[in-house]
């Protein structure tokens with residue numbers, strides 16, 4: 001009685017994020033998934049030399065394995081969004097973990113490079129994509145106040161796994177060869193299924209608690225108390241039937257919500273992120289070769305990436321803590337702009353580094369700024385579109401970023417081959433990152449903040465003009481949550497009290513209008529308020 005049946009085809013009411021509890025288990029799962037998704041395509045490069053010998057191909061041919069993985073991770077964003085909106089996060093992640101593991105296991109039996117592209121590239125890349133996006137969606141549903149810190153901790157999985165998977169891959173290659181290494185790596189990817197299994201939908205636990213409390217309450221209410229219980233039951237049954245009739249026309253959640261393109265904040269974020277990705281990944285890709293060309297030994301040149309990863313591990317959680325401060329979180333978009341500006345200026349200032357000391361200094365500052373960008377990129381997107389539309393937003397953003405990933409690093413490599421000069425590449429990459437930072441900051445200030453001040457209604461809500469789209473969306477969700485909880489409160493006394501109070505108010509109003517003929521307007525309002533107060537007292 002009064003319960004919300006999920007089979008009726010309507011969406012459940014939004015549940016308030018617990019900001020803890022089982023959310024910490026979800027955070028750990030997201031940490032592992034993020035680590036595999038970003039670090040695995042880079043860690044596979046350890047096997048490239050052996051693949052070149054066995055298949056008699058060049059370095060560029062083997063490098064396509066990592067490129068295809070990243071292209072699948074970014075380019076299948078809308079497909080992941082559709083599957084999540086249709087089936088939920090947990091089933092999609094379980095399927096993704098199986099696909100990622102199956103891809104690496106099948107890759108260990110391949111006989112040519114094309115088969116490697118299809119197994120390790122397409123299949124494993126698709127599996128990791130089906131894990132990465134749902135894990136971020138679940139993180140956003142479990143955390144609200146602590147969401148910046150949660151995003152920073154989850155993003156730290158990338159440098160942690162990169163620093164561990166690469167040495168592990170080297171050990172596996174020496175002991176078991178590349179085929180045995182791929183087979184064991186496929187077994188490790190089965191941990192993605194474990195992470196998917198802990199992604200419990202947030203409303204499931206809340207529904208269980210509500211059902212238990214509801215059963216206890218109904219057991220008390222169903223005690224024989226004469227004709228009133230029968231009237232309450234009939235009233236509740238009639239109300240439930242009326243609600244079922246109204247709920248039938250409601251449609252489920254859209255598979256891919258394109259209405260987010262009407263959000264100016266989302267458009268600004270997407271454009272700035274596209275420009276950012278054009279130059280963000282270029283310096284770490286070319287850093288080792290750049291160091292070797294300046295006369296740095298191979299071992300010391302490879303250690304530069306370890307410096308970036310070590311600094312990145314601490315930079316991401318620290319930036320998440322800063323973004324969660326009360327006076328910083330409303331302006332998190334500007335903090336993200338500062339992080340991008342810091343990263344771009346680091347690239348530009350290090351373009352003339354000609355010795356190992358200068359490159360180490362560059363790696364320290366690049367690791368800090370790169371970690372800040374990684375910790376804030378999805379937090380800003382969640383703040384713009386809200387948790388309800390995040391599943392569609394991240395899919396579309398990743399698809400747009402896929403084009404930038406396929407344009408930026410390959411173009412930089414061609415320029416290096418043509419110009420034989422890394423300095424120009426660092427200037428170009430840094431300028432692109434700086435441009436994205438300035439665009440995001442200026443567009444946010446001019447198009448969003450000023451526009452809201454002009455559109456703000458006078459006197460009714462003084463704080464509405466200074467709020468963001470996120471705050472308005474969150475307030476709408478809270479109002480809908482309160483409204484739905486009030487409408488579906490499973491009590492017989494509430495329904496009977498509302499009917500009785502409404503009939504009493506209408507009866508008194510008809511008598512007064514019949515006798516006086518010209519009663520003041522305030523009397524009707526007083527009667528309505530008295531009826532509402534009666535209903536509220538009965539509810540409590």
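Placed from the backbone N, Cα and C atoms, the Cβ positions cover glycine too.
What TrEMBL lists as compositional bias 'Acidic residues' is 469-479.
The feature compositional bias 'Polar residues' is assigned by TrEMBL to 487-496.
Summarising the annotation, TrEMBL assigns compositional bias 'Basic and acidic residues' to 526-540.
Restricting the average to the domain 'Major facilitator superfamily (MFS) profile' (23-448) gives a pLDDT of 84. Look at TrEMBL and you will find 23-448 tagged as domain 'Major facilitator superfamily (MFS) profile'.
Feature annotation from TrEMBL assigns region 'Disordered' to 452-540.
Among the features that TrEMBL reports, transmembrane segment is placed at 21-40 (among others). Long-range contacts of the transmembrane segment (21-40) within its own chain (CB-CB distance under 8 A, at least 6 residues past either end) are made by residues 69, 73, 93, 100, 124, 128-129, 131-132, 135-136, 138-139, 142-143, 150, 153-162, 165-166, 185, 189, 191-192, 194-196, 198-200, 205.
If you look up TrEMBL, you'll see 63-84 (among others) marked as transmembrane segment. Listed by sequence, the residues of this chain that lie at least six past the ends of the transmembrane segment (63-84) yet keep a Cβ under 8 A from its Cβ atoms are 37, 40-42, 44-45, 48, 92, 116-117, 120-122, 124-126, 128-130, 132-134, 137, 255-256, 391-392, 394-399, 401-402, 405-406.
Look at TrEMBL and you will find 91-110 (among others) tagged as transmembrane segment.
What TrEMBL records for 116-137 (among others) is transmembrane segment. Nonlocal intrachain contacts for the transmembrane segment (116-137), taken as residues 6+ away from its ends with a CB within less than 8 angstroms of a stretch CB, comprise 29-30, 33-34, 36-37, 40-41, 44, 51, 55, 64-65, 67-74, 76-77, 79-81, 83-84, 89-90, 92-93, 95-104, 106-107, 110, 154, 182, 189, 192, 195-196, 199, 378, 387, 390-391, 394-395, 398.
The transmembrane segment feature in TrEMBL is assigned to 149-169 (among others). Long-range contacts of the transmembrane segment (149-169) within its own chain (CB-CB distance under 8 A, at least 6 residues past either end) are made by residues 23, 27, 30-40, 42-44, 46-47, 135-136, 139, 142-143, 181, 185, 306, 308-310, 312-313, 316-321, 323-324, 371, 374-376, 378-379, 382.
Annotated transmembrane segment per TrEMBL: 181-202 (among others), in sequence order.
Taken from TrEMBL, the feature transmembrane segment covers 266-291 (among others).
When Cβ-Cβ distances below 8 Å are used as the criterion, the transmembrane segment (303-325) is approached by residues 145-153, 155-156, 158-160, 162-163, 284, 287-288, 291, 332, 335, 339, 359-360, 363-364, 366-368, 370-372, 374-376, 379 of the same chain, each at least six residues removed from its ends. The transmembrane segment annotation in TrEMBL covers 303-325 (among others).
Nonlocal intrachain contacts for the transmembrane segment (332-353), taken as residues 6+ away from its ends with a CB within less than 8 angstroms of a stretch CB, comprise 148, 265, 269, 272, 276, 279-280, 283, 294, 319, 322-323, 359, 361-362, 365-366, 368-370, 372-373, 376-377, 379-380, 383-384, 422-423, 426-427, 429-438, 440-441, 444. Here TrEMBL flags 332-353 (among others) as transmembrane segment.
What TrEMBL lists as transmembrane segment is 359-378 (among others).
Positions annotated as transmembrane segment by TrEMBL: 390-412 (among others).
If you look at the transmembrane segment (390-412) against the transmembrane segment (181-202), you find fewer than three C-beta pairs under 8 angstroms, all six or more positions apart, and that falls short of contact. Within the chain, the transmembrane segment (359-378) has long-range Cβ neighbours (under 8 A, six or more residues past its boundaries) at 136, 148, 151-152, 155-156, 158-159, 273, 276, 280, 283-284, 287, 290-291, 294, 296, 304-305, 307-320, 323, 332, 335-336, 338-340, 342-343, 346-347, 349-350, 353, 394.
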